[in-house]
Amino acid sequence: MDKLRIRGGRPLKGSIPISGAKNAALPLMAACLLTDGTLTLANLPHLADITTMANLLAQHGVDIRLNGHAQGGGGSQGRVVELTAATIASTTAPYDLVRKMRASVLVLGPLLARCGQAKVSLPGGCAIGPRPVDLHIKGLQAMGASIEIDGGYVIASAPAGGLRGAEIVFPQVSVGATENLMMAAALAKGETLLVNAAREPEITDLAHCLIAMGAEIEGAGTDRIRIRGRDRLSGAHHTIIPDRIETGTFAMAAAITGGEVELVGARLEHIKSVAKILSGAEIDFEETEAGLRVRRRNGVLLGVDVMTEPFPGFPTDLQAQMMALMCTCTGAAMITESIFENRFMHVPELARMGANITVHGASALVRGVPRLTGAPVMATDLRASVSLVIAGLAAAGETVVNRIYHLDRGYERIEEKLVACGADMERVRETD
């Protein structure tokens, strides 16, 4: 397996292009199943999870064509992909593909809405606690679907005449369930109302794409989304939003090294909660013509408390990076994880580097230390792995991050982007 070797202590200075948002791209790719026309997506990131979704869509008969890179005012806007599901060759999403990524379950709603049936393996992905698909299933059942779980598969069929609109109240906020049901409702009969819906920018991005395909959707970005079903949707062209998690990650990397970077393409409105909390830690965000400039205010990094929350709160996908940042703060920080269980697996690895962290249930108390020390560490999931990279950038000596295949699931060319800003690091490719 590949590893990253990092020699820390060098401030990051320069500009970093922000890639298209993985968490927007995956549901947008699944949306191609809703139409026999061509869905063209620009600013597609080059990631392992994107490849997994492409392989899954190909299994369903989708014709996939990559057309290089689109150019825009800010330079390269990522890859452009054309997805055409003229006919659905299979309504089964097999275990060998779905096990690699939990977002694969997003084909369930589109397949069921268009074909009247779907057989989707229960999903895999990062090992960070349970993420049951119950909310997806209950929502589709409210729309008239018959669903059973057998042999590790969700087996669903729509009623005669197709899915029907319904009022669906989520007992808890779920991004994936909101996306799945919004796509299914776009082809359902009548009106669907999603109450306590997720409000993430990725939800709004999906809604904008579906509207371009002919869907009728109101309220995306609020907790009440209204969808009026259409008989059919058409193809469309859509540009994927920049990745707010990558934006926050590189902002924290710049801050922990005492550097200054411009995040090209980043949007402040997507990370307001992050910018507000980091401002309390003495980190400045400045909007520029190209994106955002990030730097420490007075050279000191102050400890600040953080609780993860659904958008517009602080994202759980930045919790591990925030913990790494707080390891060298002045004072202490209490970090509370309210979204997922078992998401502190990076703590023992940060401790190997000299971090002072005590876990109490869903909270971790981080007491700042003057300096972290390089060490061999092991990545356990996507966001934990990048927190170790952030820590390594600031640590004295050499840090080796093992099992970085997790990183490739969510960060495009991360070592290239960091090296371009002065980081001393390289990928070591294992041949065995």
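Every residue gets a Cβ built from N, Cα and C, even glycine.
The feature active site, proton donor is assigned by Swiss-Prot to CYS126. Look at Swiss-Prot and you will find LYS22, ASN23 tagged as phosphoenolpyruvate binding site, backed by sequence analysis. Here Swiss-Prot flags ARG102, ARG131, PRO132, VAL133, ASP134, LEU135, ASP317, ILE339 as UDP-N-acetyl-alpha-D-glucosamine binding site, drawing on sequence analysis. Taken from Swiss-Prot, the feature 2-(S-cysteinyl)pyruvic acid O-phosphothioketal applies to CYS126.
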By Cα-Cα distance, the member of binding-site residues ARG102, VAL133, ASP134 nearest ASN23 (phosphoenolpyruvate binding site): ARG102
Set of same-chain residues at least 6 away whose C-beta sits under 8 angstroms from ASP317 (UDP-N-acetyl-alpha-D-glucosamine binding site): ASN23, ILE245, ARG383
Residues that sit under 8 angstroms from ASP134 (UDP-N-acetyl-alpha-D-glucosamine binding site) by C-beta distance, when 6+ apart in the chain: none
CB within-chain contacts under 8 A for LEU135 (UDP-N-acetyl-alpha-D-glucosamine binding site), separation at least 6: PHE170, PRO171, GLN172, SER174, GLY176, ALA177
Packing count at ILE339 (UDP-N-acetyl-alpha-D-glucosamine binding site) (other Cβ atoms within 10 Å of its Cβ): 22
Packing count at ARG102 (UDP-N-acetyl-alpha-D-glucosamine binding site) (other Cβ atoms within 10 Å of its Cβ): 19
From binding-site residues ARG102, VAL133, ILE339, the one whose Cα lies nearest LYS22 (phosphoenolpyruvate binding site): ARG102
Fewest-neighbour residue among binding-site residues, criterion Cβ within 10 Å, set LYS22, ASN23, VAL133: VAL133
